[in-house]
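Undergrad: I have a structure I would like to understand better, so I am pasting it below and will then ask my questions one at a time.
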Amino acid sequence: MGEAEKFHYIYSCDLDINVQLKIGSLEGKREQKSYKAVLEDPMLKFSGLYQETCSDLYVTCQVFAEGKPLALPVRTSYKAFSTRWNWNEWLKLPVKYPDLPRNAQVALTIWDVYGPGKAVPVGGTTVSLFGKYGMFRQGMHDLKVWPNVEADGSEPTKTPGRTSSTLSEDQMSRLAKLTKAHRQGHMVKVDWLDRLTFREIEMINESEKRSSNFMYLMVEFRCVKCDDKEYGIVYYEKDGDESSPILTSFELVKVPDPQMSMENLVESKHHKLARSLRSGPSDHDLKPNAATRDQLNIIVSYPPTKQLTYEEQDLVWKFRYYLTNQEKALTKFLKCVNWDLPQEAKQALELLGKWKPMDVEDSLELLSSHYTNPTVRRYAVARLRQADDEDLLMYLLQLVQALKYENFDDIKNGLEPTKKDSQSSVSENVSNSGINSAEIDSSQIITSPLPSVSSPPPASKTKEVPDGENLEQDLCTFLISRACKNSTLANYLYWYVIVECEDQDTQQRDPKTHEMYLNVMRRFSQALLKGDKSVRVMRSLLAAQQTFVDRLVHLMKAVQRESGNRKKKNERLQALLGDNEKMNLSDVELIPLPLEPQVKIRGIIPETATLFKSALMPAQLFFKTEDGGKYPVIFKHGDDLRQDQLILQIISLMDKLLRKENLDLKLTPYKVLATSTKHGFMQFIQSVPVAEVLDTEGSIQNFFRKYAPSENGPNGISAEVMDTYVKSCAGYCVITYILGVGDRHLDNLLLTKTGKLFHIDFGYILGRDPKPLPPPMKLNKEMVEGMGGTQSEQYQEFRKQCYTAFLHLRRYSNLILNLFSLMVDANIPDIALEPDKTVKKVQDKFRLDLSDEEAVHYMQSLIDESVHALFAAVVEQIHKFAQYWRK
C-alpha cells in the first residue's frame, strides 16, 4: 500500500489539548429596518441595522451536549468593520478533546449592539463537532445562519448549520464534498489544475451566497499534522465498550461530616449584630417605606404554619417597634426570636408587654409545641382569660392537649402538700390493690375523698391566683380555676382529662405525659374539694357521673357476653336495665348527663333500650330528664370516639363562626363525648339514612312531599324545608371537603323530616378514604335531584351558599389551623398516621394562595367535578349491593 493511501489518525482521548475554532467571515445581507420601525422603536438608532457601513458584530461560541452546555461561552475580540464582516480569529474553547462526548456540538451566535448594555442576536448556527462516522471535523465550513435567533444547543437543534436540503441539493454542498475528498487524498493532486479549480469553487460559492436569502458564517476547524502527515481525529473513549455491572444490592457508605450540626459562625455573627442592644434605640423610630410596608403586611398575613426565612425574620425584628400596633404581628415577631440568647429573649419579653393585645383565638398558637418560653405561654393564658365560658368551651378539647407542651414540673409543684400519714395511707391502699403508682385508676382520684390540707401552700408554689392582668397563671391553673366557676366547663374538663389518663398507648409510650395528666386530675380534685359548697357539690356530681358510666360499661359487657342473636341481646339489655338492685341505672339520683351537662337525668328507661345492627352493637338509650322528658343517646362500647368527637367539635365551631357572619346553614352538630378510649356517648338525632329514603320513597323530593307537603312551595314541598335542605347540603359539602372526610356513602348521610341533611361516622378524615378515586365532596345525582336538578333555582342557591361558606371559613382559617396544630400529638387514628402533615392537609384545602374571586372559581370546579363523578356513582352501587348481601 502506498504512503498516500494510508489513513493516519489519532484518538480524541489521547489529544490532551483545547479545541480551537477559527471564525472567518460572514457573507450575506441583513434585512434593513424601515423608518416606521425606527419610529416605533427608537433604540434601533443605536443598533447596527441603522448604520450605513457594516456594524460592529461579534460572535460567541459554546459547546453543548444533550442540550446542556459543557463550558462557558467564548467570544471574538472587538473589531471595526467597513465593507464586510471578516474576523479571521482563532478561538480557544475551554474544553479539551478527551472531554468531548460523541454528540458534542458547537453553537455559534452572532450579536449586534442594541442600545446601552444590551445586545440582540443577528443569527445563530449549530454544527456537530464529530461527523457521522466519528471523525472530528477539519477544514473550512460554510454554516447557514438562522436569522434573529440565538444558536440552539439542544438535540435536535433548531438552528442546524448543515441542513438536509443543503447537503443533497445545492451546488455549495456538492463542491464541499468534493473538496473534502481532495483533501483526504481520494483524488489525484495536480498543482496547476488544483489552483484553477479552487479559485473557480470560491467564485461559485460567492455567487451562491449572494443569490441566497440566508447569511453564511465561514468557520475553520484545526487540522492535526505531524511530520508533514495529516492526521484525522477519531472519537474514542477508553473502556467505553466495557459493560458496567449493575448492583442489585448495595451498602450505604456513611461519611462523617465533622461540621454537621455545628454552629455557622458567619450566620451567628450576623444574627447577633442584627439583634444587638445597640440597635434598639435606633430601631425604635424606624418607619418602613411603602415597599417594605407591603412586604411586612404579606408576612403578617402568612398562615401560622409558614416558616419565615432568615431575611423575613430580620425584617420583622428591624421594624418590631413599628409592628407593636398590629396584634396579628405578635406571633410572627415571637417566631423571629432566638430564645437561647438571653439578651434577645429579654428584649422580646419587654416588648411583649408593650404589644397591642392579640385576639383570643390567635393566642392559641402560642400554646403549641413551637413556643416553649414560659412567659410567652402565660401571656397566651392571660389572653384566654378574656374569653367567655362559651368560647372557652369551644377550645377546651385542644387546651387539654396543649397541657402536653407545658412544664410538667410546674404542674406537679401545683399539688398541695398533704399530711404524711394521709400520704402513707394512700400509698398503702395503692400498693395493697396491686396497682403500680404510675397506673392509678384516674377515676379513683375524683371519686375517693382526699385527705385534708395541712396548711396553705407557700405563695411561690401555689398557682391558684385570682384572675387579673398578670402572667402568673400557667395553662393548668387557668383551666382548673375556670372549671371551678362553671359546672359545664368542669364536666368536659373532667372527661377530657380522664380519657388522657386512661390512654394505655400514652402510658406505655410516654409515661411522663401520663403522669402529668394524673397530676392535673389530682389538682382538679383538690381545687374542687377546697372550694365552697357549690364547688364541692360539683365534685360529688362528677363522682356520681363516673360511677354511673362504670355501671353502664359493666352492663354493656354483660350484654356482649350474652350468646344468641340481636333479639336475645335486646331482651337481656332491657332485663338488666330493669333490675335496679343489680345495676342501679333505671332510677338514680339527679345527675348531669356527661354528654350535655345542662340536661339533668334520673336514669334510663329500660323498655325503650335497643341495640343497633352493627358489629359492635351500640345501644340506643332514652334517659329520663328532670322535667319528665326523654333524651335519646347512643352508647358505644368497644369503639374509640375521640376522632368523631374532634370532627363534631370542629363542625360545631364552624357553625358558630358562620352564624357570627349571619350565615345559618342549618347544620346538625350533634354532641359526642368519649368517656374512655373504648366507650362514649353520642347524641341521637331522629333521622333516616338517605339510602333508606331512596329505597322506600324513590327520591328525596318524594320524602319531603310526604312529610312536608305544600301546594305553594317548590315541587309541592314546603319552602322552609327545601331551604333547610339546600343550606344543610351546602354547609356539609364545604365542611367535609375542608376536613377531608372520607368513606362517604348514602348510609352515613342522614335526613330529617324538617329538611336537615347531616353526616355521621367520621372514621376517615384528612383525605383518607377506603374507596378509590373519591370525589372532592359528597354530592351525588340523587342529592342534586332533591333540589330540583342542576337547572333549578334551588341548585343555583346551593352553589351560592357553598361559595359564601367557603369564603367565610377561609377568613377563620388561622383559628382552625391553630386548633389542629394543638391536636398533632393527640392519639387520634388519622392524625397519628402523619402528625407532621396534619395541619398542612387542612391548610391545603383552604387554598390560601388564591384570592377570594379565584377561590370561588375553585369551589365551582369542585362542585362540578363532584356532581359529574362517574366512578363515585359506580362505587356507590357496589356499596349498595354489599349492604344488600350483608342483610
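For all residues, glycine too, the Cβ spot is worked out from N, Cα and C.
Note that this is a predicted model, so its numbers are computed, not measured.
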Undergrad: Among S34, S261, S363, which is the one flagged in Swiss-Prot as phosphoserine?
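TA: Checking Swiss-Prot against S34, S261, S363, the phosphoserine entry points to S261.
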Undergrad: Among S268, S282, S431, which is annotated phosphoserine in Swiss-Prot?
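TA: The phosphoserine feature in Swiss-Prot corresponds to S282.
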Undergrad: Region 'Disordered' per Swiss-Prot: which of the ranges 237-257, 447-467 is that?
TA: 447-467
Undergrad: For the region 'Activation loop' entry in Swiss-Prot, name the matching range from 11-32, 121-142, 759-780, 825-846.
TA: 759-780
Undergrad: May I ask you to indicate which of 478-484, 611-617, 730-736 is given in Swiss-Prot as region 'G-loop'?
TA: 611-617
Undergrad: Near the region 'G-loop' (611-617), which same-chain residues lie under 8 Å Cβ to Cβ, leaving out any that are not at least 6 residues past its ends?
TA: 559-560, 566, 569-570, 573, 634, 636-639
Undergrad: Where else in the chain does the region 'Activation loop' (759-780) make close Cβ contacts, counting only residues six or more beyond its ends and a cut-off under 8 Å?
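TA: Tertiary neighbours of the region 'Activation loop' (759-780) are 643-644, 647-648, 729, 732-734, 736-737, 739-744, 746, 748-750, 830-831, 833, 838, 841-842, 862-863, 865-867, 869, 871-873, 875-876.
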Undergrad: When a 10 Å sphere is centred on the Cβ of S261 (phosphoserine), how many other Cβ atoms does it contain?
TA: 5
